[in-house]
């Protein structure tokens with residue numbers, strides 16, 4: 001194996017370890033915290049982490065073996081099963097992120113009617129649809145024998161072996177990526193841009209109140225006034241930064257791989273091996289980043305983890321009651337409401 005192959009293998013090992021630990025922590029917080037389990041968004045988060053964990057345990061190791069051996073590491077039946085799971089889990093995670101954005105949109109744009117618009121039952125129905133939608137495409141690909149080892153990506157995935165099936169396979173691939181990646185991306189952009197609009201409105205209202213207060217307080221120290229102005233600037237940037245992370249991580253991690261899979265449908269195009277592996281590793285990196293983007297960096301999850309550590313160490317330095325907000329949108333989007 002050359003140096004580039006070794007570096008790619010090390011990158012995949014790093015992604016695997018981070019993804020395994022971070023997704024396990026999210027599931028541990030869900031099991032430990034009653035407050036998190038009560039939240040409707042918890043249904044989407046646990047489904048996302050569960051799919052990412054399965055992808056980490058069942059798919060990443062075989063791709064790693066494919067890189068190390070530079071050949072198919074599994075038998076035909078096992079390879080088909082792994083390819084089936086990868087197709088299902090990748091689509092399911094995308095739809096889970098779309099469902100999370102819908103939940104956030106309803107929570108921020110329709111806060112007074114959130115409990116009636118997004119109930120626990122509604123979340124379960126959305127996840128049920130996500131599973132059915134995600135199962136359809138791997139079942140079709142299994143029926144047509146389009147699941148096999150693809151050396152370009154060093155993994156068991158969608159693969160066309162018979163040129164006579166190219167037209168049918170092309171239609172299938174376009175429909176699959178359109179109803180998973182593109183559909184999820186459109187939902188993410190629509191919902192989070194609506195959330196950003198509301199966030200900016202509330203931040204602007206807070207800024208007006210702050211400026212009026214600063215005008216009335218003529219004797220205020222210049223340093224205090226400057227801190228208030230700096231906080232205004234940070235407040236305006238905070239929501240934009242979070243929305244950019246939600247949408248940007250989705251596009252950066254999935255976009256290169258999806259575009260590559262669509263380009264390779266052209267019969268005269270040959271995908272470079274190293275680019276194929278890099279694009280595949282980028283999709284796997286989403287499983288490692290999702291726990292931080294959606295869960296572990298939130299104050300509620302931090303407190304739960306601290307409580308777990310204190311309980312393990314038999315310390316009682318922090319109160320056991322967690323953060324009570326079921327929406328967790330106040331600090332994120334300048335919406336200050338009391339529960």
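The backbone N, Cα and C atoms fix where each Cβ goes, glycine too.
Just so you know, TrEMBL annotations are computer predictions that nobody has curated.
Taken together, the residues in the domain 'G-protein coupled receptors family 1 profile' (22-294) have a mean pLDDT of 88 on the 0 to 100 scale. The domain 'G-protein coupled receptors family 1 profile' annotation in TrEMBL covers 22-294.
With a threshold of 8 Å between CB atoms, the same-chain residues lying at least 6 positions outside the transmembrane segment (6-32) that come near it are 42, 45-46, 49-50, 52-53, 55-57, 60-61, 63-64, 67-68, 274, 277-278, 281, 284-285, 287-288, 290-292, 295-296, 301, 304-305, 307-308. Sequence annotations record features per position, and here TrEMBL assigns transmembrane segment to 6-32 (among others).
The transmembrane segment annotation in TrEMBL covers 44-68 (among others). A Cβ distance under 8 Å defines the sequence-distant neighbours of the transmembrane segment (44-68), meaning residues of its chain 6+ beyond its ends; these are 1, 5, 8-9, 12-13, 15-16, 19-20, 23-24, 26-27, 30, 74, 82, 85-86, 89-90, 92-93, 96-97, 99-100, 103, 123, 126-127, 130, 149, 151, 153-156, 277, 280, 284, 286-287, 290-291, 294-295.
The transmembrane segment annotation in TrEMBL covers 88-112 (among others). Under 8 Å from some Cβ of the transmembrane segment (88-112) lie the Cβ atoms of residues 40-41, 44-45, 47-48, 51-52, 54-55, 59, 118, 123, 126-127, 129-131, 133-135, 137-138, 176, 180-181, 183-184, 187-188, 190-192, 194-195, 198-199, 246, 250, 254, 283, 286-287, 290, 294, 327, 329, 333, 335, 337, all in the same chain and six or more residues away from its ends.
Taking Cβ pairs closer than 8 Å, the transmembrane segment (124-147) reaches residues 43-44, 47, 79-80, 83-85, 87-89, 91-92, 95-96, 99, 102, 156-161, 165, 168-169, 172, 176, 179-180 in its own chain, all 6 or more past its ends. TrEMBL lists 124-147 (among others) with the feature transmembrane segment.
Per TrEMBL, transmembrane segment is recorded for 169-195 (among others).
Under the heading transmembrane segment, TrEMBL lists 243-263 (among others).
Listed as Cβ neighbours of the transmembrane segment (169-195) (distance under 8 Å, sequence separation of 6 or more from its ends, same chain) are residues 87, 90-91, 94-95, 97-98, 101-102, 104-105, 108-109, 133-134, 137, 140-141, 144, 146, 158, 160, 239, 243, 246-247, 250-251, 254-255, 258, 261-262, 265, 333.
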